[in-house]
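K.L.:
In case it's useful when we look at the structure, here is the feature table from TrEMBL:
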ACT_SITE  Glu213  active site, proton donor
ACT_SITE  Asp346  active site
ACT_SITE  Glu453  active site, proton donor
ACT_SITE  Glu481  active site
BINDING   Thr570  Ca(2+) binding site
DISULFID  Cys410-Cys439  disulfide bond
TRANSMEM  45-68  transmembrane segment
Amino acid sequence: MLPPSRRDFVSLTLSESGSYTNSKQWRRQSCWRKWKQLSRLQRSLILFTLMLLLVCGIATSPTLIGHWRGEIRGPPVLQNRLPTKTNVSGLLGVENQGLDLKNENKGSEGGKPIIRFDQMFPVFLFLSAESRLEAVREAFRHAWKGYKNFAWGHDELKPISNSYGEWFGLGLTLIDALDTMWILGLNEEFAEAREWVARELSFNKNVDVNLFESTIRILGGLLSTYHLTGDSMFLEKAKDIGSRLMPAFNTASKIPYSDVNIGKGTAHPPQWTSDSTVAEVTSIQLEFRELSRLTGDPKYKLAVMEVMKQVHKLDGKQDGLVPMFINTHNGLFTHQGIYTLGARADSYYEYLLKQWIQGGKTENVLLDDYLLAVEGVKKNLLKKSTPSDLTFVGELSHGHFSPKMDHLVCFLPGTLALGAHYGLPADHMELAKQLMETCYQMYAQMETGLSPEIAHFNMHEGSTQDVDVKIADRHNLLRPETVESLFYMYRFTEDKKYQQWGWEILQNFNKYTRVPTGGYTSINNVRDPANPNPRDKMESFFLGETLKYFYLLFSNDPNLISLDKYIFNTEAHPLPIWPQAE
C-alpha cells in the first residue's frame with residue numbers, strides 16, 4: 001500500500017522574446033483560451049497525466065535514478081506491478097553481485113556501505129506490497145537453489161564451499177523450511193520437499209539429537225505444516241519424532257536431559273556437565289502440548305508441564321528472572337546470580353506468554369510468572385545508552401550490571417507487543433517500541449547495516465556512539481529476532497516505518513551475505529564492509545524463520561497467519577491457539 005499522494009504542482013515559465021512572431025503569440029493566446037475553457041476536472045486530469053509522465057521519465061532514466069539512489073547498483077523497480085525473477089534481482093541490487101568472495105570492496109565507498117536506509121527509503125515508497133513479497137520469494141529461491149544443488153537432504157548448506165554440514169543427519173533445513181514454502185506460495189519447491197519427507201525421512205537412526213533443537217525445528221515444523229496443509233503424512237512423522245524424544249524426560253528430577261538417541265531410545269546430559277539450560281527445558285512446551293492435543297495422548301503435555309511446575313516454585317529467581325542452568329539430577333538452578341534475556345534463558349520468557357495464549361488464556365500461573373518477569377526486567381536490566389538514550393536490556397551478574405545485549409534479546413519487542421495485543425498493560429507496548437528502535441539501531445550503526453551477535457551499550461558521559469562491539473562478537477548468523485519483532489510491531493501498529501526498517505535489513509543481507517552460486521552465509525565481521533569474512537554456513541533458521549518473518553512483515557494482510565488464531569513457536573512455526581473450551 002502506497003502512502004497518501006501529495007498534491008504537487010508543475011510550474012511552467014515561458015519567457016517573452018521580441019523574436020516571437022505574431023503567429024506564435026496568437027497560437028499561445030489561443031491555447032490559453034482553450035485551456036481556460038476546460039473544466040477544472042479536465043485541467044486536473046491533464047496536469048496529473050503530465051506529472052505521471054514526468055515521474056515515469058525520471059524512473060526510467062538510468063543516469064538520474066543512479067544519482068537519486070546514491071549510486072546503488074541495479075535498476076530499481078518503481079512500477080506498481082509484480083516483478084519477474086529477473087527484475088527482482090535488479091530491485092534488490094544483487095544482479096551479478098552478492099557476497100564478494102575476492103574481498104574486493106565493490107559495495108563500499110570510503111569504508112562505508114553504499115546502501116543505507118536514507119537511500120533505500122524513496123525506492124521503498126514506490127514498491128507495491130506484491131513487489132516486496134516477491135523480493136522475499138526471490139531470496140528464498142536463491143537460498144533454496146544452493147541447498148538443493150549442494151546439500152539436498154542434509155542438515156545445512158555450506159554455500160561458499162558448495163557442500164553441506166550435518167548436525168543430526170535429518171534434513172534439518174528442509175524440514176525447517178516446509179511451512180515457509182507453503183506460506184510463500186512456492187508450490188513447486190514445497191512439492192519436491194514433501195516428496196523427500198514422505199520417502200526419505202526416517203527417524204530410526206542411531207544418532208544423538210538435541211532435545212530442544214529437534215523439538216522446535218523438526219517437531220514444530222512438522223506440526224505446523226500439518227496444520228497449514230491438512231496433510232496427515234506430516235502428522236504421522238510428528239508422532240514418530242515426538243515419541244522418540246520422550247526418553248529425555250526419564251530423569252529423577254523430571255527435568256529432561258539435553259540429548260536423546262532417537263534410534264536407541266536413550267538420553268543423557270552433555271559430556272561436560274549434568275546441567276541443562278533453562279531456556280531449553282522450558283521452550284519445548286508449545287510443541288509437546290499440541291502433540292497431546294492432536295493424538296489424544298496426555299503423556300507429552302504432562303511431561304513438559306511438570307517442568308514448568310517445578311521451575312515455577314524453585315528458589316534462585318530474582319524478581320521473576322531465572323538463572324541460566326538447571327541440574328537434571330536434583331532439579332535445582334545452578335550458576336545462580338546471573339540473569340540475562342539472551343542465550344540460555346531467552347525463550348523461557350517467550351514461552352510463558354505463548355503457553356498462556358495457546359491454552360486459551362486460562363493458565364494464569366504462566367501469566368503471573370510472565371508479568372513478574374517483565375517487571376523484573378524493568379527493575380534490574382533496563383538502562384539507557386549515551387548519547388542517544390536508546391533503551392536496552394543488559395545483564396546482571398551477582399549484583400553487577402553489564403551493558404551487554406545479545407541480538408537474541410530482540411525477540412522481546414515482539415513478545416511484549418503480543419502480550420499488549422492480548423490485553424496486558426499498555427506500557428508493555430511503549431517499552432516494545434523503545435526496544436524495537438534499539439534493535440534497529442544495532443543494525444543501522446554498523447558499517448554493513450547488519451547487527452552483531454552481541455552489542456555493548458555505552459553509558460558514560462561523553463560517549464559519541466551508543467553501540468560498541470568487541471572483536472569476538474562481530475559475527476552475524478542470519479538471525480531472525482529483529483525481523484520477528486518488526487513483524488509483530490507492524491501487525492499491531494500498522495506503522496510503515498517497521499516495514500521500511502525490514503526492507504533495509506533485507507537489502508543488506510543481500511549485499512553482504514548472498515552467495516552467487518546459491519544460498520546465504522553467516523559472516524564474521526559486520527564492521528568491515530570491504531571484507532565481511534564469510535563463515536560458509538547457512539543456518540536452517542534463515543529459511544525457517546528469517547525469510548518467513550520478512551514475508552509476513554511485508555504483507556498487508558492481517559489474516560495471513562492471523563495472530564488471533566496462531567501462536568508462533570520459537571522457531572517461527574505457527575501452531576493453532578486452542579479454543580477456551582479445551
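The backbone N, Cα and C atoms fix where each Cβ goes, and this holds for glycine too.
In terms of burial and nearby residues, how do these features look in this structure?
P.N.:
Sequence-distant neighbours of Glu213 (active site, proton donor) (same chain, six or more apart, CB under 8 Å from its CB) are Trp167, Phe168, listed in sequence order.
If you take the C-beta of Asp346 (active site) and look for same-chain residues 6 or more apart in sequence within under 8 angstroms, you find Ala279, Thr340, Asp406, Leu408, Val409, Phe411.
All protein chains considered, the CB of Glu481 (active site) has 24 other CB atoms within 10 Å.
Less than 8 angstroms from the CB of Cys439 (disulfide bond) sit His407, Cys410, Pro413, Ser451, Glu481, Thr482, Ser485, each of them six or more residues away in the same chain.
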K.L.:
Are there any residues in the same chain, six or more apart in sequence, whose C-beta is under 8 angstroms from the C-beta of Glu453 (active site, proton donor), and if so which?
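P.N.:
Those within reach of Glu453 (active site, proton donor), by Cβ under 8 Å and sequence separation of 6 or more, are Asp406, His407, Asp473, Arg474, His475, Asn476, Leu477, Arg479.
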K.L.:
Where's the emptiest Cβ shell within 10 Å among the recorded positions Cys410, Thr570?
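P.N.:
Minimum Cβ neighbour count within 10 Å, taken over the recorded positions Cys410, Thr570, occurs at Thr570.
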